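Participant: Straight from TrEMBL, here's the annotation block:
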- ARG203, ARG204, GLY205, SER206, THR321, SER533: CoA binding site (BINDING)
- GLY397, GLU398, PRO399, ASP421, THR422, TRP423, TRP424, GLN425, THR426, ASP510, ARG525, ARG536: ATP binding site (BINDING)
- VAL547, HIS549, VAL552: Mg(2+) binding site (BINDING)
- 41-93: domain 'Acetyl-coenzyme A synthetase N-terminal' (DOMAIN)
- 100-479: domain 'AMP-dependent synthetase/ligase' (DOMAIN)
- 541-623: domain 'AMP-binding enzyme C-terminal' (DOMAIN)
- LYS623: N6-acetyllysine (MOD_RES)
Amino acid sequence: MTDTASAGAAPEGGALSNLLHETRRFDPPAELAANANVTADAYQRAADDRLAFWADAAERLTWTKKWDQVLDWSNAPFAKWYVGGKLNAAYNAVDRHVEAGNGDKVAFHWEGEPGDTRTITYADLQKMVSQAANALIELGVQTGDRVAIYMPMIPETVVAMLACARLGAPHTVVFGGFSASALRDRIQDCDARIVITVDGQYRRGSQAALKPAVDEAVAECPDVRNVLVVRRTGQDVAWTDKDLWWHDVVDRQSTTHTPESFDAEHPLYVMYTSGTTGKPKGILHTTGGYLTHVAYTHWAVFDIKPETDVFWTAADIGWVTGHSYIVYAPLINGATSVMYEGTPDTPHQGRWWEIIDKYKVTILYTAPTTIRMFMKWGAEVPARYDLSTLRILGSVGEPINPEAYVWYRHNIGHDRTPVVDTWWQTETGGHMISPLPGVTAGKPGSAMTAIPGVSADVVDDAGQSVGNGQGGYLVLTEPWPGMLRTIWGDDQRYVDTYWSRFPGYYFAGDGAKKDEDGDLWLLGRVDDVMNVSGHRLSTTEIESALVSHEKVAEAAVVGASDETTGQAVVAFVILRGAVPKEEAQGAELVKELRNHVAHEISPIAKPRSIMVVPDLPKTRSGKIMRRLLRDVAEHRTMGDVTTLQDSSVMDLISAGLDSAKGDED
Ligand code: WT7
């Protein structure tokens, strides 16, 4: 199935053999089905009256003013959900649980990588968020101002996000693995005036500084007024006159703050995601619809029982999975979560299973790439721990291979736990296609059907719904509450990117297939965006990073299937003429280029291999033929260093070029 995940594969591509032979079915456990939050009738109810269904779901929130209209779609594709409603996101996530007498309930069991721990109750969280909100007010943050957050997986990151939400100041969280220039671009794009960060973070047992990247970024962002720095590692950091220690400013604030209500459509956050072309897109999520969507799906798809469950989304807060299912949904539902700072192999490969054993985790949510890594490490590692509390396993980020699904279910879930393969995107805000653990008989490798209240279809090139057994493009045919509202500052790009390919439908960019029962199998992106370890990377961004190196003239990047990371970045580069021949063939240069990409974008974007070539295959209109390059990259094992000396590679390119000429024009 790894082939199926390859981004460029045409939706009807031949990589479906595994699908056709996949006949395993796993029924919901009887006890889970008998007590499930959501039963089969939800599908019918939602189909009968979709908006009434979403009106019901919104009752999961506390509104200070109820909405007048569930959906206003008159200005499509610009949606307004819960029109006229007012609420405060942080109040819903925190205060109301304290008011209901649940202040002592644990919100987070936090586990630091070095082994330090913190237990944070809802009452603690209320005080921390109030103090942080008061601090932001002191720093001049007003409703509508943007705040950038560049932090690791520590409780203050959650607190910072909720403090922004409390003030109606949209946050933009930038993943801590991104480089200074990526941070700078995001700060500038949304014009953030305050940045919240840390001195450093723990990563694989050592301290990695984060603050220097902020210094580098902020040096080019004159409009940033202050940088608020949480002390995490205690390492030495350079200090500028914009910098303030979090503990100096936040700790002395009042622990109470009265939340104000905001319009349902008030911006909650901007999350940047790669596109096929150009700069990253700032995906805008607003308040009422987004919160309804994530709260409902967390309750339905994970069957969350806030009284007894211990929930763990093992993802980074800097991605949408962390926003929706570490922060907003679990807190709105009053759940207890685990939050872990570090990597799965620090200090040993059993760390996750040790955490599950220790906190008696009942629901685990992670990505196929991580599952494949655990498979590589061996089933004997989790076998050493008590995982008997687990009752549901989730997967997200890319298609899950049937082998990985079955391994996960067997070795982690001991064949008792349903696996919910949840398809969604940064843009959708929350789950869209997923089994329901108490209802659906799961098929390994399939995300099954749209959840109640969501309408998805697979269409052909002409936008016609395909029949069972056929593949095509995944589209969403009706608006949904958690949908992005626009691309920050670029309404036209929002329309062009998502709503133009198939008029009236949202085009997700993924290929999908309906099996004989009409269940959905995701096939990966139909464009050139790569998915490396569940992270979506754009070829263009990496190409631009390579070309920004003084020795590179041109670059083409493709995603080649990779056993561990789903896809791996493979780059082809043409050097500038001035580069001496000996250097052009050296391992040193390849290393330099890989590091350059890591610095410009992120270590995640580092090419697995870089091949120096004299020429690149292009269509007549000048577009690089990436599909051909992907074939080359996948049909040869390339080492770290492959140079133009390697004529067999160039032979492959030219052979392919002859047969493929013109097909992408
Ligand atoms: C893209 C969205 C959703 C949060 C993490 C990634 C791929 C995501 C699945 C899945 C097959 C999946 C799609 C999608 N994807 N989940 N269960 N099965 N593919 O968010 O970075 O916005 O990426 O990830 O290609 O379009 P994202």
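Glycine too: its Cβ is placed from the backbone N, Cα and C atoms.
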Participant: Quick check for the class: what is the C-alpha distance, in angstrom and rounded, between ARG203 (CoA binding site) and VAL552 (Mg(2+) binding site)?
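Facilitator: Counting only the Cα atoms, the answer is 32 Å.
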Participant: Counting other CB atoms within 10 A of each CB, which of the binding-site residues ARG203, ARG204, HIS549 comes out lowest?
Facilitator: ARG204
Participant: Give me the non-local Cβ neighbours of SER206 (CoA binding site): same chain, 6+ apart in sequence, Cβ-Cβ under 8 Å, ordered along the sequence.
Facilitator: none
Participant: About how far apart, in whole Å, are the alpha carbons (Cα) of VAL547 (Mg(2+) binding site) and SER533 (CoA binding site)?
Facilitator: 24
Participant: Tell me which of the binding-site residues PRO399, TRP424, THR426, SER533 ends up closest to VAL552 (Mg(2+) binding site) in space, Cα to Cα.
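Facilitator: Its closest listed neighbour, by Cα, is SER533.
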Participant: Rounded to the nearest angstrom, how far is the Cα of SER533 (CoA binding site) from the Cα of HIS549 (Mg(2+) binding site)?
Facilitator: 25
Participant: At the Cα level, what's the spacing in Å between THR426 (ATP binding site) and ARG204 (CoA binding site), rounded?
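Facilitator: Taking the Cα atoms only, THR426 (ATP binding site) lies 27 Å from ARG204 (CoA binding site).
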Participant: If one measures from the C-alpha of GLY205 (CoA binding site) to the C-alpha of GLY397 (ATP binding site), what distance in angstrom results, rounded to a whole number?
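Facilitator: The separation of the Cα atoms works out to 26 Å.
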Participant: Express the distance between the Cα positions of THR422 (ATP binding site) and SER533 (CoA binding site) as a whole number of Å.
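Facilitator: Spelling it out, the Cα of THR422 (ATP binding site) and the Cα of SER533 (CoA binding site) are 16 Å apart.
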Participant: Near GLY397 (ATP binding site), which of the binding-site residues ARG204, THR321, SER533 can be found within 10 Å, Cα to Cα?
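Facilitator: Cα filter at 10 Å returns THR321, SER533.
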